[in-house]
Amino acid sequence: MSPAVDPDAVARPKFLPDPALSRAEMESLQRELAATATFADDHDLDPRAVAIDEPADLTDGVPDPRQETLPGTSDAGGSAAGNSDAPVVVGIDQAFLTPDDGEDRAVSAAVAIRGGDVIEYASAVTPLSIPYVPGLLAFREGEPMLAALEALDAEPDLLVCDGSGRIHFREAGVATHVGVLLDVPSVGVAKSLLCGTPDESTDGRPEGWRTPIRADESVETASAGGGAGDAADAADGDTPAAVIGHAYQSRQYPNSRRVNPLYVSPGHRVSAATTVEFVAALCAGYKLPEPTRIADAYADVAKRDAE
DNA sequence: GCGACAG
DNA sequence: ATCTTGTCGC
C-alpha cells in the first residue's frame, strides 16, 4: 500500500477545525479523535514538579516574563525558582472581539510557565468560522488556540486548556482535541459541567475536596484510553461507569459555601486521577489554576491591543 | 416536543 | 464568551 506515510502528517490535518464541515461530520471526527486520544499517563511529569506556590499579582497587569539568565550573570545563590530544567506548563485562553463590522475574531493567548515563573507570552488573532455550539467548541476555538501555540517558542510539557477534555459527549473536548493534534500531554479545566454525573453532590464543599465525574447516558464511551481496559459504557448495569474527570473544589470560603468547583478532565496522555493532581498543584489560592488565570489576564491585554 | 449543554 | 458599578462578604 502507501509506503512510508507518517501517521501524524495524515492525522493532523484531518482533525483541523474546518468551517465547511457539517455537524454530523464534526461529531464523527470527534469520535475518531477520541479513539486516538490516550486517557492514561504517558508523560514524565510529577505534579510536584509543576507546582506553583505563589499566585501571580494581576492587580497591576500581567507579570513580566522572567528574563533568561544571561551567560555572564551567574546565579551562584542558587534560587529554587527559575530552574531551566523544570517542565514547561502552558496555559491558554481565548477572548473575543465584538462583531464591529460583522466578522467575529478570536484572540487566543498562551502563557508559558517554568518553575513558577512566566517565561513567555504569545497570542494570535484569528477569524472565527462557526458559532458556539455545546460539544463542538474545538471547531470554533481550536484554530485560534493552535495559532497562539505556534507563535510560542517554548515547547509545552503540559497544556492547560479552558474547557473540558474527556468530559464531553464523545470524549473529545477542546483539551483532548488540541492535545491530540499536538500530541502533547493536556488537561481540561472547565468552570461548569458539560455532561457526566458527579458521584456526590458538589454543594458547599471545602477546599481541596474532589469527587469523580462518571460517564452517563449522554456520553459515548469510546474506551480508547491508552491503559489496560477502560471501564465499559454507562449503560452496563454491572461495571461502574468510566471516570471521565473530577469536580475539584480549588477554592472555598471558610463559612459560606458559595464557590463552585472546577470540572477537570484528561485532555491527552494524562489520566483522570493525575489530572486532578496537576490542577491542584497548579492552583495557588485562587479558583483558577495559575496558568489559566494568567492566560485569562493576558488575553485581555492582547484583546485590548487588537482593538 | 422538552430537556440540556464547555466557551 | 460578552455587555457592566457598586457592593456584600471573606
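Residue 1 is the first one shown; counting continues down the chain.
Placement of Cβ uses the backbone N, Cα and C atoms for every residue, glycine included.
Keep in mind the model is a prediction, meaning the values are calculated, not measured.
Annotation note: A:ASP93 (Mg(2+) binding site) sits in a strand segment as assigned by DSSP. Listed in sequence order, A:SER108, A:ALA109, A:ASP162, A:THR292, A:ALA295, A:ASP296, A:TYR298, A:ALA299 are the same-chain residues six or more apart from A:ASP93 (Mg(2+) binding site) with CB atoms under 8 A from its CB. The Mg(2+) binding site annotation in TrEMBL covers A:ASP93, A:ASP162.
If you look up TrEMBL, you'll see A:72-84 marked as compositional bias 'Low complexity'.
The feature region 'Disordered' is assigned by TrEMBL to A:38-84.
Taken from TrEMBL, the feature site 'Interaction with target DNA' covers A:TYR132. Secondary structure at A:TYR132 (site 'Interaction with target DNA'), taken from DSSP and collapsed to helix, strand or coil, is coil.
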Cβ-Cβ neighbours of A:TYR132 (site 'Interaction with target DNA') (radius 10 Å): 11
Cβ atoms near A:ASP162 (Mg(2+) binding site) (within 10 Å, other residues, all chains): 22
For A:ASP162 (Mg(2+) binding site): DSSP state (helix, strand, coil): strand
